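A.B. asks: I'd like to ask some things about the structure below.
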Amino acid sequence: MNIAIFASGNGSNFQALVDDELIKPHVKLLVCDKPNAYVIERANKEHIPVFLFEAKNYPDKEAFETEILLELRGLEIDLLVLAGYMRLIGPTVLAEFPEQIVNLHPSLLPAFKGKDAIGQAIRANVLETGVTAHFVDAGMDTGPIIDQVKVAVNEADTVDTLAEKIHQKEHVFYPKVIRGLIQNGGND
Ligand code: GAR
């Protein structure tokens with residue numbers, strides 16, 4: 001199974017995925033939409049090719065997703081793993097990868113969809129939140145859920161302390177989910 005990881009920022013989840021010995025050999029590409037994202041340095045260190053694009057250089061999403069598709073086809077990618085990719089996947093890519101795109105979201109979906117899920121949880125004064133892995137459909141954080149893990153919220157938690165706890169959970173949880181998909185999908 002050939003995997004492309006999509007990320008826009010720091011890439012701590014990208015790192016957790018490629019630090020997993022079972023997952024690493026399957027990771028053939030990083031797709032990134034931000035030229036200054038630290039995840040690009042991480043990919044370079046790991047000798048993983050990077051496809052970098054900037055949305056502003058294309059007339060619309062269909063145009064840049066068409067280029068992404070060419071890259072994915074060239075590397076015979078089977079699974080797209082979103083790890084902090086801060087864009088909605090559009091119909092151009094979705095049509096070619098039905099139930100083959102996985103997203104990581106920092107809440108117990110369906111709670112706190114969309115941006116700033118951690119801030120939303122703090123402002124809602126919930127006692128627990130968590131992390132969800134789900135297949136991507138045309139909606140925002142709406143596709144079929146694969147697995148979830150809970151994270152307790154203390155009264156003293158701020159967005160920063162909760163984000164730290166959530167990241168720590170994600171770095172164990174997401175590789176476990178992706179290992180499961182690789183094992184179910186065969187190892188070729
Ligand atoms: C992660 O917490 C992930 O759950 C979140 O972005 C962060 C990326 O961190 N994703 C979303 O909010 C998607 N809507 P990282 O760059 O350190 O992996």
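Cβ atoms here come from the backbone N, Cα and C positions, even for glycine.
All TrEMBL annotations are machine predictions without curation.
Values in this document were obtained by computation on a predicted structure and should not be read as measured data.
Per TrEMBL, the feature domain 'Formyl transferase N-terminal' maps to 1-178. The N(1)-(5-phospho-beta-D-ribosyl)glycinamide binding site annotation in TrEMBL covers GLY11, SER12, ASN13. Residues annotated as (6R)-10-formyltetrahydrofolate binding site in TrEMBL: LYS61, MET86, ARG87, LEU88, ILE89, ASN103. The site 'Raises pKa of active site His' annotation in TrEMBL covers ASP141.
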A.B. asks: Do you know which of the binding-site residues SER12, ASN103 has the most other C-beta atoms within 10 angstroms of its C-beta?
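C.D. replies: Output for this query is ASN103.
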A.B. asks: Between GLY11, LYS61, ARG87, which of the binding-site residues has its C-beta surrounded by the fewest other C-beta atoms within 10 Å?
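C.D. replies: Among the binding-site residues GLY11, LYS61, ARG87, the sparsest Cβ neighbourhood within 10 Å belongs to ARG87.
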A.B. asks: In whole Å, could you give the widest CA to CA gap in the (6R)-10-formyltetrahydrofolate site formed by LYS61, MET86, ARG87, LEU88, ILE89, ASN103?
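C.D. replies: It comes out at 19 Å between the most distant Cα atoms.
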A.B. asks: Indicate whether ILE89 ((6R)-10-formyltetrahydrofolate binding site) is helix, strand or coil by DSSP.
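C.D. replies: In three-state terms, ILE89 ((6R)-10-formyltetrahydrofolate binding site) counts as coil.
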A.B. asks: Using C-alpha positions only, work out which of the recorded positions GLY11, SER12, ASN13, ASP141 is nearest to LYS61 ((6R)-10-formyltetrahydrofolate binding site).
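C.D. replies: For LYS61 ((6R)-10-formyltetrahydrofolate binding site), the spatially nearest of the recorded positions is ASP141.
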A.B. asks: Let me spell it out: for each of the binding-site residues (MET86, LEU88, ILE89), count the other Cβ atoms within 10 Å of that residue's Cβ, using every protein chain shown. Which one has the most?
C.D. replies: ILE89
A.B. asks: Could you tally the C-beta atoms, other than its own, that fall within 10 angstroms of the C-beta of ASN13 (N(1)-(5-phospho-beta-D-ribosyl)glycinamide binding site)?
C.D. replies: 23
A.B. asks: Determine, to the nearest whole angstrom, how far the Cα atom of GLY11 (N(1)-(5-phospho-beta-D-ribosyl)glycinamide binding site) is from the Cα atom of MET86 ((6R)-10-formyltetrahydrofolate binding site).
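C.D. replies: The Cα atom of GLY11 (N(1)-(5-phospho-beta-D-ribosyl)glycinamide binding site) is 12 Å away from the Cα atom of MET86 ((6R)-10-formyltetrahydrofolate binding site).
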